[in-house]
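Taken from TrEMBL, the feature active site, proton donor/acceptor covers A:405. Annotated FAD binding site per TrEMBL: A:83, A:84, A:85, A:86, A:87, A:88, A:89, A:214, A:215, A:216, A:217, A:218, A:219, A:220, in sequence order. The feature domain 'FAD-binding PCMH-type' is assigned by TrEMBL to A:51-230. The site 'Important for enzyme activity' annotation in TrEMBL covers A:266.
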């Protein structure tokens with residue numbers, strides 16, 4: 001870093017301290033190194049081979065008004081801002097591509113404002129951990145219904161900003177179905193509060209400007225979500241070994257189109273099943289369902305599951321002990337300890353726990369995408385002989401289609417800084433290309449981040465016009481999370497393709 | 001110096017699966033990996049070459065042609081030349097026949113040292129290095145955990161050898177066959193990004209029996225002294241299933257179980 005750059009960073013830090021307080025401005029080098037990337041560059045991070053600049057500081061506002069002051073200041077000074085809340089991003093959404101950047105972390109926005117069990121809503125600040133809210137609700141006999149794998153680490157603002165989805169989404173919906181209202185702050189300092197009502201026809205639904213904006217348009221400071229009654233004693237679990245993943249998907253479709261909503265609905269390829277269910281999968285594909293809710297609904301859903309399984313019994317090999325499925329369900333989430341353990345492993349070994357790329361499409365198209373992707377990776381990926389895992393599963397279903405979670409891992413025989421472009425990117429590219437070619441969506445729930453921004457225009461087609469206009473209007477100085485969602489040629493060349 | 005690295009690609013035992021219905025091992029789609037002891041041999045040779053680029057390294061392996069992409073990657077890591085000795089006629093060769101085939105190929109080669117591994121993950125007999133030594137009239141040493149890089153010369157190598165609880169240091173006259181253990185911890189260098197797709201075909205030979213000219217009676221099953229009377233899969237007794245919770249009690253149960261079985 002040049003002397004001028006260092007001086008500029010110091011100036012930014014001094015100004016931020018004047019604006020907030022010294023305690024709210026973190027310039028610890030280790031923390032800044034960690035804040036320069038997210039889990040996308042996990043291997044390079046663990047090996048000290050990160051190639052992006054460190055931010056100048058991480059700031060911790062205490063209120064929406066302070067968020068407003070910070071954004072106004074950054075907007076005037078044209079300083080890049082990366083909003084952060086939870087830090088579990090996997091697609092480069094929290095990666096920094098600008099020399100003059102600050103991270104606004106929601107750590108101090110940590111209050112559960114209100115839980116109203118009569119109106120069935122909970123209002124929380126952005127930095128409230130999902131698990132904290134869930135635990136508070138469980139004490140009262142309620143649940144958020146939101147349970148992403150990152151539940152023990154994720155925070156509410158980040159979940160909303162990335163259009164998160166939970167493992168029970170087939171019943172409860174994605175976060176976009178749960179958010180009733182929210183408060184967000186725009187780069188010019190304007191604080192917008194979207195009120196909480198059951199439904200309204202007051203023009204376009206402006207919640208969706210903030211939900212999923214990935215910090216590129218505004219900073220979410222507070223959200224109100226629906227809550228649900230919690231009936232853990234009624235849970236019923238179903239598991240089957242299937243001949244192929246198509247059978248599993250057919251059963252999922254049958255249950256969905258008949259009007260039932262299991263909370264868990266998953267079909268795994270044999271390779272992926274082996275990862276999670278090696279103790280019972282016998283190298284076969286696995287189908288898992290769970291019925292949840294009031295007793296009579298659980299009963300009816302269970303019957304519908306059994307009928308669907310019966311209809312496709314030619315592809316069902318055997319039923320799995322439901323206790324095994326329940327046990328799997330009770331250990332679904334990964335914790336901070338799991339993340340730390342993976343980092344320790346990556347320091348010592350040339351390997352990690354793998355990558356995923358999640359897409360969605362309608363029922364007809366999903367098997368086509370799955371088979372084409374499998375074939376193309378095996379035929380076209382130059383390092384196919386080093387693959388140690390290639391498979392996938394469907395884990396979130398809708399009446400008109402489902403998602404696919406491609407999972408892959410490989411032996412790493414190149415330098416840590418080259419791992420992504422040698423292994424991950426070529427595989428990721430095939431999945432995205434094939435999905436878009438078949439008319440699916442390239443990102444079901446991880447967001448676009450920076451590493452799918454190359455295809456944002458193709459993802460949205462003629463509707464990209466609407467996205468682009470939002471960016472122009474709300475962030476005219478382009479200070480919000482440079483490189484995320486909206487493609488930036490210089491960043492793509494430098495940090496993805498590593499062109500010199 | 002000309003160094004030959006004798007390596008073997010072995011099935012990754014972690015990939016071998018069990019068919020519970022037929023009670024057989026499933027070897028289909030099992031990935032091949034470079035035998036860990038042999039990888040250390042190549043890694044040492046490459047480390048030496050990095051310090052003294054005049055050294056020439058040739059990798060020789062016997063096995064199916066499907067090992068080609070893995071061997072190509074060794075060439076991309078700076079190995080100078082590689083040969084895959086492969087022929088359907090070699091199938092079924094025991095360690096004796098394999099040693100004969102490899103020795104036949106090596107006898108006309110010029111080299112100062114053969115580096116290889118001590119054990120292979122699959123066979124684990126450790127026969128091949130010593131049998132080749134015998135057939136070529138070379139000294140051979142197994143269980144090497146360190147080779148002194150600075151004192152590795154054309155006529156002599158100083159090595160450390162694990163012997164029970166002791167580590168012994170030897171000076172060994174070259175040419176000889178030095179067999180390393182994976183505990184030597186020599187690591188293969190990364191392939192440089194620019195070399196990831198490098199065309200190395202001009203440095204890779206596929207050698208069949210047509211070139212070697214060995215009699216059919218000397219190779220494969222016919223040439224093997226080991227006669228297999230029968231093979232069978234060990235049947236496992238079905239045990240009662242025990243499901244424990246992910247809590248202190250469950251962890252204690254698993255720990256006690258592993259301790260009882262001698263795993264911890």
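Placed from the backbone N, Cα and C atoms, the Cβ positions cover glycine too.
Unlike curated records, TrEMBL annotations are generated automatically.
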Other C-beta atoms that fall within 10 angstroms of the C-beta of residue A:219 (FAD binding site): 31
Residue A:87 (FAD binding site) CB neighbourhood, other CB atoms within 10 A: 19
Residue A:89 (FAD binding site), number of other Cβ atoms within 10 Å: 28
Candidate with the highest Cβ count within 10 Å, taken from the recorded positions A:83, A:215, A:266: A:83
Rounded Cα separation (Å) that holds between residue A:85 (FAD binding site) and residue A:405 (active site, proton donor/acceptor): 24
Euclidean distance between Cα atoms of residue A:405 (active site, proton donor/acceptor) and residue A:89 (FAD binding site), Å: 16
Alpha-carbon spacing, residue A:83 (FAD binding site) to residue A:266 (site 'Important for enzyme activity'), which is rounded to whole Å: 32
Residue A:266 (site 'Important for enzyme activity') versus residue A:405 (active site, proton donor/acceptor) - Cα distance in angstrom: 10
Which same-chain residues, if any, lie at least 6 apart from residue A:217 (FAD binding site) yet have Cβ under 8 Å of it: A:186, A:209, A:210, A:470, A:471, A:474, A:475, A:480
Largest separation between Cα atoms (Å) of residues that the record links to FAD, namely A:83, A:84, A:85, A:86, A:87, A:88, A:89, A:214, A:215, A:216, A:217, A:218, A:219, A:220: 20
Alpha-carbon distance [residue A:266 (site 'Important for enzyme activity'); residue A:215 (FAD binding site)] in Å: 31
Pairwise Cα distance for residue A:266 (site 'Important for enzyme activity')/residue A:87 (FAD binding site) [Å, integer]: 27
